[in-house]
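In what follows, a structure is listed as structure tokens, so that the remarks can point back to it.
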Amino acid sequence: MNVVEKLVWQGVCLRADLVANSGVCALVAGEQVAIFYLPETEQQVFALGNRDPVGRANVMSRGIVGDLQGQLVVASPLYKEHYNLLTGQCLEDARVCLPVYPVRMDGDQVQVQAGN
Amino acid sequence: MNDRKIVVIGNGMVGHHFVETLVGLGTGDHITVIGEEPRPAYDRVHLSEVFCGREPAELALATRDTYREWGVQAVFGDPVTRIERAAKTVVTASGRRFDYHKLVMATGSYPFVPPVSGADHERCLVYRTIDDLGRIKAAAKDSRTGVVVGGGLLGLECANALRNLDLETHVVEFAPGLMGVQLDEGGSRMLRRKIEALGVRVHTSKNTREIVDGSGAALAMNFADEAVLDTDMIVFSAGIRPRDQLARESELAVGERGGIVIDYKCKTSDSDIFAIGECALFGGRIYGLVAPGYRMAEVVANQLAGEPAQFQGADMSTKLKLLGVDVGSIGDAHARIEGSISYVFSDERAEVYKRIVTSGDGKTLLGAVLVGDCEDYDTLLQYFLNGIELPAEPESLIVPAAGDKPLLGAAALPMSATVCSCHNVTKGGIVEALDSGCCSLGEVKAETRASTGCGGCAAMLKNLVEDELSARGVTVDKSICEHFPHTRQELYHLARVGELKTFDDMLAKHGRGRGCDICKPAVASIMASLWNEHVLEMPHVGLQDTNDTFLANMQKDGTYSVVPRIAGGEITPDKLIVLGEVAKKYGLYTKITGGQRIDLFGARQHELPDIWRELVAAGFETGHAYGKALRTVKSCVGSTWCRYGVQDSVGMAIYIENRYKGLRAPHKIKSAVSGCTRECAEAQSKDFGVIATENGWNLYVCGNGGMKPRHADLFATDLDDETLIRYIDRFLMFYIRTADRLQRTSVWMDNLEGGLDYLREVVIEDSLGICSELEQQMASVVGTYQCEWNTTINDPEKLKRFRQFVNADGGDPEVVFVQERGQNRPARPEEKIRLVARVASAAGAK
């Protein structure tokens, strides 16, 4: 029988720890997760891997968020590639993708789903 | 290299242009150039600018190194005295001999001094070379009054020089009017009126009989009409004569009134000898302007490269500024052509005179005279050169009240039309540049050099490029990004006029979508320039590039570097010790920057506030190395310590740096102050540079180092402290107002229509009437300065983002350093894998 890794919603921080229209980084089960807070979108919070695969440094939470051609994106602060906030896909290079983490607001708490 | 030997006699502008052209054609000849003057070729056309602050060295067209690099043998200060045509050898004054296969004579001309008794007095001078300028300057020192003999183009240039030397200046002209060659009577009269208003005294129809020792002044000029004029010095500038002595002695054919006779191939009567420039006589005529000389040089160079080329005479139309007065002359200015008719417009209040001469049917332009307003020159010249049919009412071209002038569209020009006469660029050449991929005015200028000389064709060129681009269906989209259909300049204007203070306001009013990493920092910078709120205030924080967000410069491994402000590069030993101690405590790599500061590398995000608490406590402020803002004002030690310094450059640099620190701009701004003309602070490589003079400060603008280095241009001279600061205030604010995103000052100026002159008009003469507004705005930015770090370390809200992890303490474990030359550096990927693994296994073993 396959062991399906159990995913649980983990409380990571409070809404007050976030910065509107910008990102912060959280440590979730030993992994660095960039959490972006766009209060005027329906989903409000988005979570991607914090590691920039092109610049090879943990900096994605420090990028500028916005939209390009209708897609919500974050720009790497190192070399300015754009990544889709929902899919992690790099707009400039189809072979590059960031991990995406399920994330939600539970009241004032920010929760990320990650391996336990 | 081949074995052919080319010898050029003369290293003036034309001789130099010939060498440059021939080298450019890559013929591989052995070229020897022999000049009489002790220095390589220089720009004679702008000689008088030396009297208003330009250094003689700035006029240089070449240096000895230039020739060395080209593989050209250059001999200066040793004129050729003999040509041995049979042996094909030239001999110099010092006896050196040079063999030639082809000889090019570019011996130029000499100033004509009328045969008047007393004209050989030591206070009687001429105006032709840099050495002449030295003599004029020396004589002016103990003179109150100066006379220029000659009211032509050169004479008036010279009068300007005397005026700049603060002499009471007189112009004495033999003919009844000024500039009789280029202007008709009406134009000449208007010119006289205008320059007399400047305080220059004009005496026409004056025949000088003799020059004698004066009683009230050093000299007295006695005229044929019994009038007498006292003066302390006299400069003869009454025309030029070709230097054909060498040719005469070598028995080459010369004209009756001088000049080496040449044919359309610029060949003399000896087919191995060419003559070019002002020493040459073509079609019974000496061409005393530089452009035709250049064409002759190109004709000879092309023939030597095996290309057919002919000189076909040259148009002598000219446009220039004499004593600040615009003067233009085209074709048959005197309406001498039979059957021609004229249209004349004269406005004595505005002091503008215009005349056009057309064919009897009014369809073809034959000539024109413009005094006081040369705006129509370019258009008229195109009508003239290309034989374009005039509008039904030709007077509409020069009469201002006639409503909108019919514009000569660039589309009407034939491909052969010369757009830039300085660099001989035709419409065809520009179209070719666009065909080969140029997509903007700037690119066309870089490719063709059009409009990079006198700049007179700037408007014409811009029209042509825009026309051609839109004809190709290229919409010149200047939108900053997809969120704003505006340029940065427009956004700045909209924010200022609408008093918009946040990005959201801008987006709601003028944009769409959510913004991106292009428009957000650009708008944030505009907000900072306009309203100067802290960049980490809530509405602005998400707009900033990471460097502005963390008030430090991100490096490749995600750590930051820290650059405290060290104004003017002056720092106390105590503060140096603090920097050392902080660097040691936090393991920071230290390096001295080019801007006389100290850069501390390898600071982790979460350590930045602690580091800055210590720096602020020791009296340091942020250095804005992370911002598109004023960076540093470099200085030399100046008159305080240096034996040569003439002003306190350190004091001025510190004052300037403190005044403009924190000023946000379209791009970074660098400056420097040098205490004397030796320029140890390298001020001419800065966006604005200041160099001390005996009398104050010279201001240079729009230089930069970096990828495309550019020397700054001299903007204003001998300024007192207050005027200097006022001009810099205006200059910087005008730049902030009108530059494009990430456009350094040099590119900005190159793209300003009218370039440096226009900038002078705006900043010095306040031609747009905005100077007081610019100054007020600067005063407001200066008055609201805060050290961004000082504010940040005292505000818990702003410190939030400096945590590496929102839910854990400590830093990024994947930032790893290794030691090199006694300091930390980021580990390379392969080193990191090893080091991180070791740390992990050590942790696991516990």
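Glycine too: its Cβ is placed from the backbone N, Cα and C atoms.
On the 0 to 100 pLDDT scale, the model's mean across the domain 'FAD/NAD(P)-binding' (B:5-284) is 92. The domain 'FAD/NAD(P)-binding' annotation in TrEMBL covers B:5-284.
Residues or ranges marked as domain 'NADH-rubredoxin oxidoreductase C-terminal' in TrEMBL: B:317-383. Taken through DSSP, the domain 'NADH-rubredoxin oxidoreductase C-terminal' (B:317-383) splits into 7 helix, 33 strand, 27 coil.
The domain 'BFD-like [2Fe-2S]-binding' annotation in TrEMBL covers B:419-466. Helix, strand and coil content of the domain 'BFD-like [2Fe-2S]-binding' (B:419-466), in residues and according to DSSP, is 26 helix, 4 strand, 18 coil.
Helix, strand and coil residue tallies for the domain 'Nitrite/Sulfite reductase ferredoxin-like' (B:555-617), in that order: 30 helix, 14 strand, 19 coil [DSSP]. Feature annotation from TrEMBL assigns domain 'Nitrite/Sulfite reductase ferredoxin-like' to B:555-617.
What TrEMBL lists as domain 'Nitrite/sulphite reductase 4Fe-4S' is B:627-765.
For B:CYS636, B:CYS642, B:CYS676, B:CYS680, the entry in TrEMBL reads [4Fe-4S] cluster binding site. In this view, B:CYS642 ([4Fe-4S] cluster binding site) is surrounded by 15 other Cβ atoms within 10 Å of its Cβ, with every protein chain counted. Mapped onto three states, the DSSP output places B:CYS642 ([4Fe-4S] cluster binding site) in coil.
What TrEMBL records for B:CYS680 is siroheme binding site. Same-chain residues at least 6 positions away in sequence with a Cβ under 8 Å from that of B:CYS680 ([4Fe-4S] cluster binding site) are, in sequence order, B:CYS636, B:SER674.
Counting Cβ atoms from all protein chains shown, B:CYS676 ([4Fe-4S] cluster binding site) has 20 others lying within 10 Å of its own Cβ. Per DSSP, the domain 'Nitrite/sulphite reductase 4Fe-4S' (B:627-765) is made up of 52 helix, 35 strand, 52 coil. Spatially, the domain 'FAD/NAD(P)-binding' (B:5-284) is adjacent to the domain 'Nitrite/sulphite reductase 4Fe-4S' (B:627-765); three or more Cβ-Cβ distances between them are under 8 Å for residues at least 6 apart in sequence. Every protein chain shown contributes to the tally, and the Cβ of B:CYS636 ([4Fe-4S] cluster binding site) ends up with 26 other Cβ atoms within 10 Å.
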